[in-house]
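What Swiss-Prot records for this protein:
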- Ser17, Gly18, Gly20, Lys21, Thr22, Cys23, Thr40, Gly66, Asn121, Lys122, Asp124, Ala152, Lys153: GTP binding site (BINDING)
- Thr22, Thr40, Asp63: Mg(2+) binding site (BINDING)
- 31-45: motif 'Switch 1' (MOTIF)
- 63-80: motif 'Switch 2' (MOTIF)
- 173-195: region 'Disordered' (REGION)
- 182-193: compositional bias 'Basic and acidic residues' (COMPBIAS)
- Cys197: S-geranylgeranyl cysteine (LIPID)
- Cys197: cysteine methyl ester (MOD_RES)
Amino acid sequence: MAKKYDFLFKLLLIGDSGVGKTCLIIRFAEDNFNSTYISTIGIDFKVKTIEVEGKKVKLQVWDTAGQERFKTITTAYYRGAMGIILVYDITDEKSYENIQNWMKSIKENASAGVSRMLLGNKCDIEAKRKVSKETGEKLAKEHGIRFFETSAKSSINVEESFTSLARDILLKSNKKPGPSGREVKLTSTEKKSSSKCLLL
């Protein structure tokens, strides 16, 4: 059977527990929102194919648990990621301050040159804002990465942010030597639906 995509990119969302990583992924992959999601246990992923620069790009978006007790499991997934999205909650200053620790975690565990992006989530809750947009922009600029304020609930900048990161990875991969760029082939045995890893 013919392949239905040109590239497969693995993206990883990291950030403190409760910042809305799962909600962002479900909004992006399924265009759905539910405020009663329980915390992710270990790691989970969703798949969505989008069009970028005339190419069909299949995104495998991995959702990680933000709690410290799952750190050993989640950091194991950094290595194969081509894009890492750092998420904080604009109504929770601590989640923003912890972005520096997540950046350190990327440096220690991810592949060199991985594409990164910073998202300030829950921008629909303006009345409870604790982190200004300028503060987020400043941090992203310091690290030389893209920044978006998003809302999974109101569907603000969700599609745009994922697409822009996919475009960055695609353009970067096109500059690499070799005929295949960063194309990754899936075997027919690989599951195409959502998969969960639970710790009992």
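Note that Cβ sites are derived from N, Cα and C of the backbone, with glycine treated the same way.
Annotation for the binding-site residues Ser17, Thr22, Asn121: lowest Cβ count within 10 Å of the residue's own Cβ, Ser17. Residue density at Asp63 (Mg(2+) binding site): 25 other Cβ atoms are found within 10 A of its Cβ, drawing on all protein chains shown.
For the recorded site, Lys153 (GTP binding site), the DSSP three-state label reads coil. Here the binding-site residues are Gly20, Asp124, Lys153, and the one with the most other Cβ atoms within 10 Å of its Cβ is Gly20.
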